[in-house]
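Database features, via TrEMBL:
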DOMAIN    22-82  domain 'P-type ATPase N-terminal'
TRANSMEM  280-301  transmembrane segment
TRANSMEM  332-353  transmembrane segment
BINDING   Asp401, Lys402, Thr403, Glu512, Phe557, Lys580, Arg617, Thr672, Gly673, Asp674, Arg780, Lys786, Asn808, Asp809  ATP binding site
BINDING   Asp401, Thr403, Asp805, Asp809  Mg(2+) binding site
DOMAIN    831-1082  domain 'P-type ATPase C-terminal'
TRANSMEM  863-883  transmembrane segment
TRANSMEM  895-915  transmembrane segment
TRANSMEM  936-965  transmembrane segment
TRANSMEM  985-1002  transmembrane segment
TRANSMEM  1014-1035  transmembrane segment
TRANSMEM  1055-1073  transmembrane segment
Amino acid sequence: MRKFSLCGSRGEAETVRSISLNSGAAHETYLDNFTRTTKYTLITFLPKALFEQYRRVANIYFTIVAALSLTEFSPVRPWTTWTPLVLVLGVSIIKEAVEDYKRYKADNEVNNRAVQVLDPGSKQFVTRRWMDVRVGEIIIIHKDEYVPADVLFLSSEQEEGTCYVETMNLDGETNLKIKKALDETKDFKHATFADFTCDLQCEPPNSRLYQFTGNLLLPAPVARKVPISPAAIILRGCSLRNTERIFGAVIYAGHESKIFKNSTQAPSKRSTIERIVDKIIIFMFSLLFSMCICGCIYYGAWVGSSLDDAWYLAPWEKAVGADSSKPVTAGITNFITVFILYGYLIPISLYVSMEMVKIVQSMVFIAADLSMYHAETDTPALARTSNLNEELGMVNTVLSDKTGTLTRNVMEFFKCSVAGISYGTGVTEIERSNAARKGLPIPRVDTTAGAVYRESFFNFYDARMLGGAWTKQPDTQTIEMFWRLLAVCHTVIPDGPQTQQDIKYEAESPDEAALVVAAKVCGFFFYKRTNTAVYVREHTAQGTRNVQYEVLNILEFNSTRKRMSVIVQSDEGKLILFCKGADTVIYERLDHKHPQNAAYKEATTAHMEEYGSAGLRTLCLAYMELDPDFYQTWQQKFVEAKTSMTDRDAKEGVPQCIKQMADGGIRLWVLTGDKMETAINIGFACSLITDEQQQFIVTAYFADVDEMEMAGHMEEAAKLANQRVEEQLRKVAATMKENGRLHQYALVIDGKALSYALSDRLSALFLEVGLQCAAVICCRVSPLQKALVTGLVRSHGDVTLAIGDGANDVGMIQRAHIGVGISGQEGMQAVMSADFAIAQFRYLTPLLMVHGRWNYKRLTRMINFFFYKNLLFGITIFCFNAFTAFSGQYLYNDFYMTLFNVIFTALTPIVIGMFDRDLDRNIALRYPQLYKQGQNNTYFGFWQIAGWLFTSTYQAAVIMVLVLVGCGSHVISHPNGQPFTMWETGVLMFSVVVVTVHFQVAQVEEQWTWLHHLSIWLSQAVWWLYLLAYGAFPLSLASDLYHLFLGIVAGNPQYWLYLLLIPIACQLPDFFWRQIRRLVAPDNHHILQELMLLERRQGGVARTVSSVREPVAGKDDLMDTKAIGLRVFGNKQNINTGYVPPYHRDSRYYNFRITNPWKGSHPSATAMAAPVTTSPKHDKGSAGLLAQAENPVLRNLDQELTVNPMRGRARQPGHLSRVVAGAGQHEQGSQPVPHSIAVAEGTALYPEDVAMLSTYAAVLYRQPRS
């Protein structure tokens, strides 16, 4: 038995909390109500903020360099290293300070709110600040005020001691919840509390929002223990609604309140790109150290052998580092010198620039995107963190909840089964989809008079039930009890006038609202609720009457019980238990001795499977009359349990969205609590599963396993089930290995089988099978299993995204690389734990395909450019240092090196990271295959990074050679003929470096706007303005730059010629490589850029014109796809004709001939073999590939109809025409009309096919529909 201490303290863990209410004794051992959400205080700000900054290795390095610059071995003045360091750290620290100050202001506003507190001394209610409220005090909360702490609800001015609260700040739910005061205190009034004292014992502070265990210890003469239910607890952050005022006692205050106990820190997530950046920086560190070691070794050797001959260095002074007798010492000290000098290899402003870019991407582009704005709920997209913007462009696997995510969590009463008879003739979208997929007629809806009634939450068609017609059905008494149960068994709160037309229901879930509305429409109108009763206006065969049901007990739904029960007493004195819940828990509690239950169960089970296949959520209802003696015995046990302190612990746009993600190479795993049949049918309706896919079902439900479980042999049953699951998975893996990529696969697994598949022994096999599937559906899964599956997929290394809308999705959202929450009907828990928030699942398409892809390309290009320009700059320093025996002599002025990263070249990469884009939004959405570039890390892989580094190395070498040769050979010199000194050479070389960097920017930018122009020209102008301004300073300040630019360099025509010719020489190899690659081996986006250009010039979608030419003698046995103007995909699918999703195709294009199998034997052989050609009307201004291709606009990557070889199977004439016609019928449905047709090699073409092809190609690209 647990032992309880009567008090807790900060020094030891509480086991039970004991509180004296209104006693005047301060509970000093408990926290006060002061709250703080800031990260820092005035004392801790600087050290903690600096600690945050020094978690980045690069900042530690720059600080070491800055510290070493204070020594006598530094080649530069200290301020040149300290200035950029202080600037970078300062910007980051100021950002932290601003954000924390906002939190401080919010805390200050909350802590200083006013509340009325009962003063035990004066026995009057006085006004205090929230922060001064203490545990045990009695407070008053008025209408629309927020609750300052977790309080025990004592009394209310509302009838029956009830009140309504809104928990929006707590769990995001906007529906009102009813709270009930204790029966012993509900009648207390204002004056009563003056002399009220009492003790309370409860559980210590915890994070369980919906659970509470405690007892009120009433004093003599009553002297008894009163259990406290969660319905009597009102939590901090709730607001009082529809109630004038309530009285409560504080039990948890400040950071001990449940809202703060639930404010756990979200897991820290870093993107893949950031981790790669860390590796590059480590590589740059290694390169820097290698350069330093090489330099110091050479310098030490040179000091020992050649220093004495360099009389101009005054070797006789024997300075530290310049003593020929101590070459080792010279080499060691030189290491410090070159370590500082080569530090410019590391981009000091990279991290700050990345933060700035990501903030703009999140706050400006994602949050302001109207295509992701949901007008009905006034909900925009929200990036709750900016750390993962680019990760959105690299997602491999999406793990999704179904209810409320893939399907609309808008509940409507649609069908029901009562006494073994099914009612409701409506047809769901999933039933329509299944009928169309199977070629069956679509069921008709009964819309005759009396069969239709529409209301919010109610979408029911059946003349047998509506308008009171149910009273004439065979089993009227059972139907009557069915509607009565729906009207009574719930926790719904009625609001507004007590009329059927005007009343509104506040429900904790849309399910309950739908059921209560259905009961109202069918004659059982729930119109009033008190603390102890519900009132229903019943229209039965006997007439209309108002009935009061006294509510004796409510056993609310939870994930363990999977049911809700209500015990009521009717006005006739009958005790009735009403219960609703999952079919499994209801079926096992049925009275099998009842003569009709067996028949009802069999028919109801069949109906529920039918409803589940239609995509409907199902619920079972049952009732029984209770014997008074049995109820009294049960009630006694129930009260004892309550007082015990121990052992109490398919949406709009979804199919199109899923198709686009599949086209983009994204695997989709759906994790749902639904039955397998329901999940599969919804999978078909959402285009998650297609008929072309080979489907595998893995289950752990077998008759012999069930028999062993019923016999009590649980361990043996588990071993057998585990073995069966393993056998199924290995069989699936073998089939996949045998067929290879010839098929697309879909895997469906139930929750029981999943529990075995997630074991250590089978998890690797399950993951291997799942990753080869285009779609995976896990049925009947628990929240824990969702998180485990997410963690398993993440462990493979692919980027995972988890999306959900409920509290049961929080685990998988936090476990995935990226968490996306949907603000839906199930509250805001998912959103509050997510990295991104959207209002609809369909908004995932623009979030990934548009913003994710743009952000990935922008950021990776910006990072590549940062390393490119720093390596270019650093190599010129290294090479010049090599000319000076690695002595640490620098070519550039201190200011040049200091401002290179933070001023002269800082703006252009930031503009690339914020605004550059290769393709318009509509192109990115039309061709989702482009998304694979991010999945494959096309722009930030090893060869891409190596290419950038090679480019910088090559350009640095060209600059060094041409500048030094030019200056050394007097090609460029002083106006008086004297050669350039080191400082003038430095100005020339630095100018060439800056111009070359900006030339490179101009070459890689995909889009030109005024911002791109401004960033380049302004940055270049700032360099020259700096030279002018600094050179105009007095000699004492300008030193070696005094009148250098204007007086010597700028007037030299060779200087300006060098600024033009050397950057061009640097750019030529890269320029030719890019152009040759675009012409010879273009990427997909290269082709689409030209298509985009053509569409822009023509003001719409590109068009082609087809014509038929005369047969060519000697070639009537061949049909050339080039001749009929078709670009053909190489297709490896071993499937029949039909629509093939683009992610099933090879991405290469080629032309080939299709042999005519009917030559000489078919009456229309000659006509059929007539070659067809196209005469595309190319825009004369089109360039590159577009102007050269036979029919380039047919290079459509997603909206194609692919006809595959029949593999020897017979095919009837006209089959191809019917396929195309069938595809055309999808125009009003979920599938797009094919924009082009690809015919695979070996496909037999009939005369009808040729006529159809030539006709279809003539209207291939038409003006977009309005």
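Glycine residues also receive a Cβ, built from the backbone N, Cα and C atoms like all the rest.
From a predicted model like this one, the values you see are computed outputs, not experimental measurements.
Residues of the same chain lying 6 or more positions beyond the ends of the transmembrane segment (1055-1073) and with a Cβ under 8 Å from any Cβ of it are 951, 954-955, 958-959, 962-963, 966, 972, 988, 991-992, 995-996, 999-1000, 1003, 1049. Recorded stretches compared: 280-301, 863-883, 895-915, 936-965, 985-1002; the one with the most Cβ pairs under 8 Å to the transmembrane segment (332-353) is 280-301. Listed as Cβ neighbours of the transmembrane segment (985-1002) (distance under 8 Å, sequence separation of 6 or more from its ends, same chain) are residues 865, 868-869, 872-873, 876, 891-893, 896, 900, 904-905, 908-909, 912, 951, 955, 959-960, 963-964, 967, 972, 1015-1016, 1019-1020, 1023, 1027, 1041, 1044-1045, 1049, 1055, 1058-1059, 1062-1064, 1066-1067, 1070. There are 30 other CB atoms within 10 A of the CB of Asp401 (ATP binding site), with all protein chains counted. Closest by Cα distance to Asp805 (Mg(2+) binding site), from the binding-site residues Phe557, Gly673, Arg780, is Gly673. Of the candidate binding-site residues, Asp401, Phe557, Arg617, the one lying closest to Asp809 (Mg(2+) binding site) when CA atoms are compared is Asp401.
For the transmembrane segment (280-301), same-chain residues at least 6 beyond its ends with a Cβ under 8 Å from one of its own Cβ atoms are 57-58, 61, 327-328, 330-332, 334-335, 338-339, 342-343, 345-346, 863, 867, 871, 878, 881-882, 885-887, 945. Ranking the binding-site residues Asp805, Asp809 by how many other Cβ atoms lie within 10 angstroms of each Cβ puts Asp805 at the bottom. Under the DSSP three-state reduction, Arg780 (ATP binding site) is assigned to coil, being neither helix nor strand. For the domain 'P-type ATPase C-terminal' (831-1082), the model gives a mean pLDDT of 86. Using DSSP to sort the residues of the domain 'P-type ATPase N-terminal' (22-82) gives these counts of helix, strand and coil: 26 helix, 0 strand, 35 coil. According to DSSP, Asp401 (ATP binding site) is assigned to coil rather than to any helix or strand.
Taking the Cβ of Asn808 (ATP binding site) as reference, residues of its chain lying under 8 Å away and at least six apart in sequence are, in sequence order, Asp401, Gly673, Ser782, Pro783, Lys786.
Taking all protein chains in view, 18 other C-beta atoms sit within 10 angstroms of the C-beta of Arg617 (ATP binding site).
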